[in-house]
Amino acid sequence: MAQGTLYIVSAPSGAGKSSLIQALLKTQPLYDTQVSVSHTTRAPRPGEVHGEHYFFVNHDEFKTMIGREAFLEHAEVFGNYYGTSRETTEQVLATGVDVFLDIDWQGAQQIREKMPQARSIFILPPSKIELDRRLRGRGQDSEEVIAKRMAQAVAEMSHYAEYDYLIVNDDFDTALSDLKTIIRAERLRMSRQKQRHDALISKLLAD
């Protein structure tokens, strides 16, 4: 069976990364594409299901996993830990399913060190004006918060060249089509096609 591909997807807040990934998943069967389910030490929110939205663990369990080098990447955010399990990810990839990781550039660097075969995609907004409009979309944040989020977005965008692919999300449907094209092209790589069509190739080359 052909090995699945691990996709790293990063973008500044407001670029539409999560919306694009969710739209992609609606067009792909579960046996083809999945989003990685992270481990976290934060408490479940209403409606969240263990193993579906997150794997909820306590701080001691998480630190034990760090000690065992069980994570492809991990980070602390507002006092809670988040991490991507190496074992879980490798098990899914082994079934031929492509796995998407929605992470920032720092997490992407950690994963590249451990799984250099991963493919990475960076998503940019079409302009700073549009990014500012999207960041203000909720209408709940102060000017100070907006300015801070914009500064964080610029810092994130400065790492775009570290990625394999670049998508500019100006028109959502076009950006989604670009994302699908990347996935399709990766599935047609020689390494995957040789595994997928091994029996056919053997018959075609037989005397």
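Yeah, the Cβs are placed from backbone N, Cα and C, and that goes for glycine too.
What Swiss-Prot lists as ATP binding site is ALA11, PRO12, SER13, GLY14, ALA15, GLY16, LYS17, SER18, and the listing cites sequence analysis. The domain 'Guanylate kinase-like' annotation in Swiss-Prot covers 4-184 and is backed by sequence analysis.
This view paints the features noted in Swiss-Prot onto the structure.
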residue	record	Cβ contacts under 8 Å, 6 or more apart
ALA11	ATP binding site	LYS17, PHE122, ILE123, LEU124, GLU156, ASN169
PRO12	ATP binding site	LEU124, PRO125, LEU131, GLN152, ALA153, VAL154, GLU156, MET157
SER13	ATP binding site	LEU135, ARG149, GLN152, ALA153, GLU156
GLY14	ATP binding site	PRO125, LEU131, ARG134, LEU135, GLY137, ARG149, ALA153
ALA15	ATP binding site	ILE123, LEU124, PRO125, LEU131, ARG134, ALA153, ASN169
GLY16	ATP binding site	ILE123, PRO125, ARG134, ASN169, PHE172, ALA175
SER18	ATP binding site	ASP102
Averaged pLDDT score, the domain 'Guanylate kinase-like' (4-184): 94
